[in-house]
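Everything below concerns the one structure shown next.
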Amino acid sequence: MKTSKASQRYRSIRRNASQCYLYQDSLLLGNSDDSFNADETGDSSDPEQIFQNIQFQKDLMANIRCRPWTMGQKLRALRRAKEIVLKFEGRLTRTRGYQAAGAELWRKFARLACNFVVIFIPWEMRIKKIESHFGSGVASYFIFLRWLFGINIVLTVMTGAFVVLPELIAGQPFGSTASKTIPREQITSAQDLDTVWSLGGYLQYSVLFYGYYGRERRIGRAGYRLPLAYFLVGMAVFAYSFIVLLKKMAKNSRTSLASASNENYTFCWRVFCAWDYLIGNPEAAESKTAAILNSIREAILEEQEKKKNKNMAVTVCLRIIANILVLLSLAGSIYLIYFVVDRSQKLEQSKKELTLWEKNEVSVVVSLVTMLAPSAFDLIAALEMYHPRTTLRFQLARVLVLYLGNLYSLIIALLDKVNSMNIEEAATKNITSHWADAPTFSATRTVPEEGQWPTPGSGAELRRNTSTWVVEETSFLTSITPHTKANKTVPYMQGPQGQCWETYVGQEMLKLSVIDMLFTVASILLIDFFRGLFVRYLSDYWCWDLESKFPEYGEFKIAENVLHLVYNQGMIWMGAFFSPCLPAFNVLKLIGLMYLRSWAVLTCNVPHQQVFRASRSNNFYLAMLLFMLFLCMLPTIFAIVHYKPSLNCGPFSGQEKIYDIVSETIENDFPTWFHAVVGHISSPVVILPAVLLLMLIYYLQSIARSLKLSSQQLRMQIQNASII
């Protein structure tokens, strides 16, 4: 036993001695490269060998003056010896050993925790699978959809917790007031398919729409101020959306700036450093392989686009032609929507009963234009020969203009309808006669050409069908008119119960969202699913190859689908004030859209022939969404400021303007000094500078964070370079 230990000791001493001679020779020869790296002599898992190497380095440092070397060789040897001792001496102490073991366990636990948290991130594995097979451009759509889903969850909680639930719990029940009761003449048709499809009947007189909510300033035992909460939540929807969008854009800008250094040595990183050696699942390995291949294809395309030579004269001509065609398409779509809206208004004025198509033709035409026009833009974009990412951005901008034109054409028509409803409501308010409960009646009375109506009108009878009701002399008052004509017909004016323009706007926006969802499902089934079935099973029996030529398998249209999300969210923002349950409906819509789109992509679509890398920050999507939010907020704010609330429905009935509820609450429930302070603070002289100052502070703070992160990365690079 002793002999074996002695022999091991002897071999170790001989090995260290040989290393010492090699080290000395390397220094004497002045070898400045790493032919013999001192780190390699100490980097071993054997504690005994580490101890012997450390002792050798300490002896070298102690006797460095006695070495027959030049001063430069001595300095290099001393520096390397100190590095080895500093690096490996701590491994022999028990405390450092425990620290290293604890750090390793913590890294493993963090890795497991991250893998566990992924389970609770909505659709994370589904999106990763799509990204591995279709690239980051297609995956960016689903990431954007998931982010919008989170925003709508918050909006649903806000409207549900502060508006809908208090009304259901503490408000007056259904049927207690005129605004919560279905008119008797509509009860028989309240459950008809036509009525339900038009969101009338029981749906119209429910918490879905503005008109159902009561006007009492305080409800319940706690005295909850529902009208004030309704107004503040409506404004908070826009404020929260603005804050979240700006914060997300700032965060993405920091991420983009911090990761800019990763664009160097693109192919080296992807070829040699892309694989994850902790993968143990065959499916995950397959997805990772596909993701690496896609990333390499993206990088190759990026390099090809940089080196591509173009004939600029032909390219400029084609781009001019393409832009002219786009302008003609936009003008045609806007004119078509305007024509349909104008026709619908004329039909409402001329016909008493409208058909199902006439009631929904505006929403159907808007949805058809929304679905078909982007495909035309896609064909036109092929003429321009831009980089795929540039083509995507131009396509997004054009489709955004189209959607905004559609929405504003619709909202202008709705505002015209609101004007006519306000005129009718004012006319109904000025009538001094108390009308009977019947929907129509006629009374004939012979009077002199110039004279006065006798009061009261005794003996008048109201006839409807075959029944006769005798009206008492004191039951109504008659108007006094100096000049009348015999047999004059008075048009029927709708009663106050039906005059609620806020509910009408909410119905139209919800109807448009429902029809848009139906058209989306139909387009996915028709364009992707049935087309894929046709190509898959009839390609062998056709005259040409259906898979490589027309119609071939469909590709996922990123621009069209991203703008559809922006357009859909714009409808929600525009109608949320008039339909508090609209964000909740949009949550369900986005869930269905996520599963349907992801199924269609993985089942029916093929990857793009030119796979390009998506923008890492995706701030272009967010900028368009911010622009849409601003433009969709304007009509709502205009309606709140300009139009008078309906007299007989909604939480603001009886107010001159909707926003008067805030000043009324401050005057009645707060002291006078607080009212004066709020009046000074709310002046434009204070608000505008404060908002600009806050925006400037936030912008500078974001830049400071980005520069700080970049500075840390540069410092780490300098440290790594000095060690090497």
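Please read every residue number as a count from 1 along the shown chain.
Just so it is clear, glycine is given a Cβ too, placed from its N, Cα and C backbone atoms.
Here is what TrEMBL records for this protein:
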- 138-165: transmembrane segment (TRANSMEM)
- 196-214: transmembrane segment (TRANSMEM)
- 226-246: transmembrane segment (TRANSMEM)
- 320-341: transmembrane segment (TRANSMEM)
- 362-383: transmembrane segment (TRANSMEM)
- 395-415: transmembrane segment (TRANSMEM)
- 500-615: domain 'TMC' (DOMAIN)
- 517-538: transmembrane segment (TRANSMEM)
- 570-588: transmembrane segment (TRANSMEM)
- 620-643: transmembrane segment (TRANSMEM)
- 673-700: transmembrane segment (TRANSMEM)
Sequence-distant residues near the transmembrane segment (570-588) by C-beta distance (under 8 Å, 6 or more away from its ends) are 149, 152-153, 155-156, 159-160, 163-164, 207-210, 230, 233-234, 237-238, 241, 403-404, 407, 411, 502-503, 505-510, 512-514, 516, 628-629, 631-633, 635-636, 640
Per the Cβ filter (under 8 Å) with a sequence gap of at least 6 from its ends, the transmembrane segment (517-538) is approached by 367-368, 370-371, 546-547, 551-554, 564, 589, 592-593, 596-597, 600, 603-605
Same-chain residues at least 6 beyond the ends of the transmembrane segment (620-643) with CB under 8 Å of its CB atoms are 140, 144, 234, 238, 241-242, 245-246, 248-249, 252, 393, 396-397, 400, 403-404, 407-408, 411, 415, 418, 422, 501, 505, 562-563, 566-567, 569-571, 573-574, 577, 657-659
Best-packed against the transmembrane segment (138-165), counting Cβ pairs under 8 Å over 196-214, 226-246, 320-341, 395-415, is stretch 226-246
Answer key: the stretch among 196-214, 320-341, 395-415 with most Cβ pairs under 8 A to the transmembrane segment (226-246) is 196-214
Sequence-distant contacts of the transmembrane segment (320-341), meaning Cβ under 8 Å and at least 6 residues beyond its ends, amount to 361-362, 365-366, 369, 373, 376-377, 380-381, 383-384, 398, 401-402, 405-406, 409-410, 412-413
In the domain 'TMC' (500-615), averaged pLDDT is 86
